[in-house]
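Undergrad: Residues annotated as ATP binding site in Swiss-Prot, with sequence analysis given as evidence: GLY169, ASP170, ARG171, GLN172, THR173, GLY174, LYS175, THR176. The site 'Required for activity' annotation in Swiss-Prot covers SER373.
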Amino acid sequence: MQLNASEISDLIKQRIGKFDLGVESRSEGTIVSLTDGIVRIHGLQDVMQGEMVEFPGNTYGMALNLERDSVGAVVLGSYEHLSEGDTAKCTGRILEVPVGEALLGRVVDALGNPIDGAGPIDAKLFSPIEKIAPGVISRQSVSQPLQTGLKAIDSMIPVGRGQRELIIGDRQTGKTAIAIDAIINQKGTGVKCIYVAVGQKQSSIANVVRKLQEHGAMEHTIVVSASASESAALQFIAPYAGCAMGEYFRDRGEDALIVYDDLTKQAWAYRQISLLLRRPPGREAYPGDVFYLHSRLLERASRINAEEVERLTKGEVKGKTGSLTALPIIETQAGDVSAFVPTNVISITDGQIFLETNLFNAGIRPAVNAGLSVSRVGGAAQTKVIKKLGGGIRLDLAQYRELAAFAQFASDLDEATRKQIERGQRVTELMKQNQYSPMSIAQMAVSLFAANEGYLDDIEVSKVRDFEDALQEYMKSQCAELLKSIDATGDYNDAIQAGLHEAIKKFKATHAW
């Protein structure tokens, strides 16, 4: 085979043309110390705050401390194979997690990797875990209700879409139970849910997932797990990862609900990281920016207006507002709400549901303290029928608690006080509700109407729950159309009032319980 001289010269010219003289510079450093998941790196000149740092063995870290002659980074995952002298490289990327519909029904870790054994997740989109919250102009006021299905909350402490409502109480007071009931109640409403478990036992997380599957709620839920056995770094970033997954739905004109269970453990993890990074400790040994830790997370829960949704979707979605509702959970020690983290989160959120150990142990569940619980913006979003019927319930309960304490010392009470105490006892009994049995708007309306109109006054306190159960069964079978109309419109008018009066009178005349 003979080669033509012109062919050879053409070939050489092609090769020369394709030759790339570009120089790629990459910042590299050396690990100088490695203790408790904290890496000190010397020589990383161009690293950003929060940037991903690459270590040998496909391991990554996150740069948190940028100092004059070294960088302090936290390793995400196991670090047993790393040692002093290893190379660390800048990636130029901020930590991202997969987002989108593909994650629904799955259990993932804080980095978005599946841990439920159901195969890989085919996620097309990724989102940075840290984002700036929507500005004032992008937001819209809270005006749509988010029904939790719990009488005590929807009637007295209503939650709106886009609100941040804190659930606070000691351990074993039913905080997680309220959040799980709220997730179960979103079935069929189109609201997507994200449950972020931080520092929980793996058995507890598995139990939550099983309950969600049993009640058909896993189809619209993503579970993000950073259990107690995970590193402090993963417990610290898990809530931000969950928030990024929720923002995907909000920014496309949908509604999402995120539960952080719980932010106390995230604050502990952040304190641990900060102390290992040798940041100066402050009150209760927390670092100075622990308020910012929670405020930048919770401010991302919001309701954004249609113009912002249209801008974010580049015109694909028009005329729809999006919302991300947050239910952060905080665990108190012996009911002390004046501790550092509880006061911080109370001041950031739009209200709190305060759960008491004494009420829980007395069998009043959910153990909501009506006097200390408040919803600062949810009233504007409350369903009309519940707002009308539940208005006096909160006052009745708060006054009853006050009088009940006083009545222990007084032997003879006047008629008005005695009536108020008796009414309070019945309302307290009525507010009790079993776990995993959320109620519809119409069912709540029936129970509240019966209490308001005095239909419980001649019922023994111990029989109130039986009366309510029997009444609900009767309404379901005999007055299905009335219930359907209340659920459909959420309105309260003379026709509905007359219908409820007639139905309850007929029930009391013909039924025993």
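Each Cβ is built from the backbone N, Cα and C atoms, and glycine gets one as well.
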Undergrad: May I ask for the distance between ASP170 (ATP binding site) and SER373 (site 'Required for activity'), taken between their Cα atoms and rounded to an integer number of Å?
TA: 15
Undergrad: Are there any residues at least 6 positions away along the chain from SER373 (site 'Required for activity') with a Cβ closer than 8 Å to its Cβ? List them or say none.
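TA: Listed in sequence order, they are MET156, ILE157, GLY351, GLN352, ILE353, PHE354.
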Undergrad: Quick check on the binding-site residues: of GLN172, THR173, THR176, whose CB has the lowest count of neighbouring CB atoms inside 10 Å?
TA: GLN172
Undergrad: As a test of the contact definition, list every same-chain residue at least 6 positions from LYS175 (ATP binding site) whose Cβ is closer than 8 Å to its Cβ.
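TA: Residues satisfying the criterion: ILE167, ILE168, GLY169, ASP261, ASP262, ILE329, GLU331, LEU355.
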Undergrad: If you count other CB atoms within 10 A of each CB, which of GLY169, GLY174 wins among these binding-site residues?
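TA: Counting Cβ neighbours within 10 Å, the top one is GLY169.
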Undergrad: Taking the Cβ of ASP170 (ATP binding site) as centre, how many other Cβ atoms lie within 10 Å?
TA: 18
Undergrad: When you measure from the Cβ of ARG171 (ATP binding site), how many other Cβ atoms are you left with inside 10 Å?
TA: 11
Undergrad: Quick one: what's DSSP say for LYS175 (ATP binding site), helix, strand or coil?
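TA: Reduced to three states, the DSSP call for LYS175 (ATP binding site) is helix.
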Undergrad: For the ATP site given as GLY169, ASP170, ARG171, GLN172, THR173, GLY174, LYS175, THR176, which other residues of the same chain have their Cβ within 8 Å of the site's Cβ centre?
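TA: Once GLY169, ASP170, ARG171, GLN172, THR173, GLY174, LYS175, THR176 are set aside, the remaining close residues are GLU331, LEU355, THR357, PHE360, ALA367.
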